[in-house]
Amino acid sequence: MIIVTFFWVGIVLSAIWTFYKVVLYPYRVSPLRTLPQSQRGHWLWNHAFSEFLQPIGQLHAELLLQIPNDGMICLRGLFGAPKIFLTSPKSLADVLVHRADDFEKLPGERKILRAVVGDGLVTAEGDVHYQQKRKLLAGFTPPKIRALYPVFWKEATALTQQIRRTLTHDGSGIYTGTTDMVYWAPRVSMDMIGAAGFGQSFHSLRDADSEIIHCYEKAFAIGAGHLLCVFADTLLPRIILQWLPWPRWRQFRQNIDSIRDFCHQWVTDAKATTALGDGIPNNLLANMIHTGEYTFQELIEQVRTFLAAGHENTSSVVMWVMLALASDSQLQSRLRQELQANLPEVELDEVDLAILEQLPLLNAVVSEAIRLFPPLPIGNRIAIRDTTVMNHPIPKGTPFLIVPRAINRSSELWGPDADRFNADRWINPDTGRFNNHGGASSNYSFLSFFHGPHNCIGQNFARAELRTVVAAVIRSFDMVLDNPAADVSPVGWFTPRPADGVKVKLRSLV
């Protein structure tokens, strides 16, 4: 009888606690209850899975337009759990800069990233992150980046040469044909990060069967089934997964392990080269080894991180910028004129390629592509202690959504043409010079590289890569879309790409 009584008391207390946590606290007690709320969620799970809806970030861009707010919108998840969508420069500045120590990436997100891209700078938090970034910054100074332009240009030129080999020669010196830039973008970005990052020649452009490219294509595949593999690999014990009849997971795991093996070999090679004492090679890995501050395993994890970030992110933007240029013949012509005037064909090897940083339209095109198509369209943070955002109390454990795709396309921040590719927004009409704000009133309107202590350490590296690829391709070919009606909606869980690819008709120029 006593056991039965305790049982029913437990049931009643559990029901009361559940009612308080699910119904009473979120909507009647929580300090977040006064924030603007979205009513568009699913009847059962509300917005719990909003960050996975394709195109990623599009829903949040719509909510930003539809819900009046002062910088924060409260989205509800399972059982009414709050998730705060940051919508203004002021709220973003608080979370990313002013109170950055009060926020971290979600533990689950860090665990997934650690499994996929390594336990390096991207997954580090707190003092560990500070120390890692302090040591790495020396390899990303402007002089270091400028010294890499010849490396980038060599790979960008190799791209144009390999594309030309796939075209048809008409007998008059002109090559024409059709190609898909979605095929070439990951290959040129892989060869660039290989050479400039690790001193390795991957030859991904020349080798259609490049093993490292195939590993990455499969490890970062598009589709819900692949995403399930990532979650399972992160959340379930390996011993359980090994017993399951799940070939897709085994293939995913094999690709991740192969990438780690590649990184292990590159670090081994780089340490052997450095030990010869013939000077420090001009690449990121050699610089890290030269400091003497990294263990062998730490080097492997940082290489995994830079390989993923330097390859996937750049590859994504290359696809989108080629799509934008192929869609606008006038912009393409203007850019070509600028390049021809500043990069003469004769004795190009003797030109200081850092001049690319001074070309207004080239930099405008690159910045606009990064703005409109951020390689990381959405991110998460969680409050690790009670804090405030815009003077509003935030309880410990509150998750936040940071959505570059939505902020970068906000008409309130970027004007009525925020959704349109407009490179001229980055050029001052009175002087014709490049500006670094694109007409936005706050630098927090541009979120592609985030801000604060956790901003992207490789943003100038990525811009240099993009300048050289765009310059090399536009100097070499005239491009038009093969099918202007193709579906160019962004798809993908990690770095979005056009759904139907970027198929272009090419005509050689040089």
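Positions of Cβ are set from backbone N, Cα and C atoms, glycine also.
Since this is a predicted model, take the numbers as computed values, not measurements.
These features come from Swiss-Prot:
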type	residues	note
BINDING	Cys456	heme binding site
CARBOHYD	Asn313	N-linked glycosylation site
CARBOHYD	Asn408	N-linked glycosylation site
CARBOHYD	Asn443	N-linked glycosylation site
TRANSMEM	2-22	transmembrane segment
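Structural mapping of features recorded in Swiss-Prot.
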| residue | record | DSSP class |
| --- | --- | --- |
| Asn313 | N-linked glycosylation site | helix |
| Asn408 | N-linked glycosylation site | coil |
| Asn443 | N-linked glycosylation site | helix |
| Cys456 | heme binding site | coil |
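Ranking the recorded positions Asn313, Asn443, Cys456 by the distance of their Cα atoms from the Cα of Asn408 (N-linked glycosylation site) places Asn443 first. Annotated pair Asn443 (N-linked glycosylation site) and Cys456 (heme binding site), C-alpha to C-alpha distance, rounded: 14 Å.
Residue density at the residue listed as 'heme binding site': 19 other Cβ atoms are found within 10 A of its Cβ, drawing on all protein chains shown. When the glycosylation sites Asn408, Asn443 are scored by other C-beta atoms within 10 Å, Asn408 scores highest. Each residue contributes its Cα atom, and for Asn313 (N-linked glycosylation site) and the residue listed as 'heme binding site' those atoms are 11 Å apart. For Asn313 (N-linked glycosylation site), the count of additional Cβ atoms within 10 Å of its Cβ stands at 25 [all protein chains shown].
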